[in-house]
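Here is what TrEMBL records for this protein:
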DOMAIN    41-287  domain 'G-protein coupled receptors family 1 profile'
TRANSMEM  26-47  transmembrane segment
TRANSMEM  98-120  transmembrane segment
TRANSMEM  140-164  transmembrane segment
TRANSMEM  205-225  transmembrane segment
TRANSMEM  237-258  transmembrane segment
TRANSMEM  270-289  transmembrane segment
Amino acid sequence: METENKTEVTEFVLLGLSQTREVQRFLFFLFLLFYVIVLPVNILIIFTVRGDPQLDSPMYFFLANLAFLDICYCSVTPPKMLVDFFSQQKTISSRSCIAQLFFLHFLGGAEIFLLIAMAFDRYVAICKPLHYGTLMTKMLCWVLVGAAWAGGFTHSVIQVAFVVHLPFCGPNELDNFFCDVTQVIKLACTNTYILEFIMFVNSGLVIFICFILLLISYVVLLIRLKTGISRGKNKATSTCTTHIIIVFVMFGPAIYIYCWPFCSLPLDKVVAVFHTMVFPLMNPMIYTLRNREILSAMKRLLLQYFLGRGK
């Protein structure tokens with residue numbers, strides 16, 4: 001009888017980052033600036049890689065796919081968050097909440113597996129340079145990208161499959177600006193101990209293992225480059241260093257959130273902002289600022305565009 005009297009929750013209230021009007025306005029313009037920078041820069045990377053024959057290599061193919069994933073990833077939560085800054089009722093329906101969960105983990109998981117594919121590409125380029133052209137074919141590159149998307153999809157389905165059937169009949173406030181599985185599960189009116197363990201294995205443990213494997217692989221490659229003598233050594237070292245920076249930038253916040261998924265920590269919101277807003281901007285900034293080839297290609301592309309319009 002007690003269960004029948006409970007009301008099923010059909011929407012969640014997002015408490016956001018701050019309740020102060022002045023702080024909300026500042027955050028709105030700050031995040032809007034991030035958003036309007038992320039989209040054009042990543043789009044420019046995609047068109048540059050596709051439009052410049054000199055960038056027709058597996059490394060830039062993977063970089064263009066990473067830029068596309070960043071465009072999709074940063075379009076999942078920021079638009080809703082920007083609108084909520086000026087909304088009286090910061091609510092999200094349960095279906096939209098599940099959709100957010102799905103796409104966040106789908107795209108985030110795909111990025112993790114794509115970084116693994118990029119690490120494999122650098123391994124072949126540095127350790128087997130004479131066979132690089134025959135090993136890293138276009139077919140293999142497409143297979144690796146497809147595997148990254150499939151891996152992200154599988155990871156996300158596992159996450160959402162357990163959450164979608166949870167009963168919600170009590171509090172419906174999420175102390176964040178988007179729906180995340182760690183907070184949604186806390187609101188379920190049932191024992192979620194086993195589910196929390198499954199989520200830890202599916203997210204936290206997988207992320208931590210991938211981080212360690214990627215870190216070890218790039219350290220081994222840097223040692224190989226330091227001890228060996230090869231053509232393009234400085235360029236390869238710079239590329240590996242860039243990839244290590246990306247690995248730390250992406251996996252640091254993810255490990256913080258999902259390796260202690262059901263403990264409220266003081267920096268949760270700060271890390272969530274960094275993970276959903278700042279990281280999609282860090283990818284293109286780090287890659288483009290440290291890569292002379294892609295910067296030169298962007299200049300040629302923009303020059304051709306404006307000269308073409310001037311005629």
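Cβ coordinates come from backbone N, Cα and C, glycine included.
Listed as Cβ neighbours of the transmembrane segment (140-164) (distance under 8 Å, sequence separation of 6 or more from its ends, same chain) are residues 58, 61-62, 65, 98, 101-114, 116-117, 120-121, 181, 184-185, 195, 198-199, 202-203, 206. Beyond the transmembrane segment (26-47), the same-chain residues lying 6 or more positions past its ends with a Cβ under 8 Å from any Cβ of the stretch are 17-18, 63-64, 67-68, 70-71, 74, 78-79, 81-82, 85-86, 277-278, 280-281, 283-285, 287-288, 294, 298, 301. Note on the domain 'G-protein coupled receptors family 1 profile' (41-287): its mean pLDDT in the predicted model is 81.
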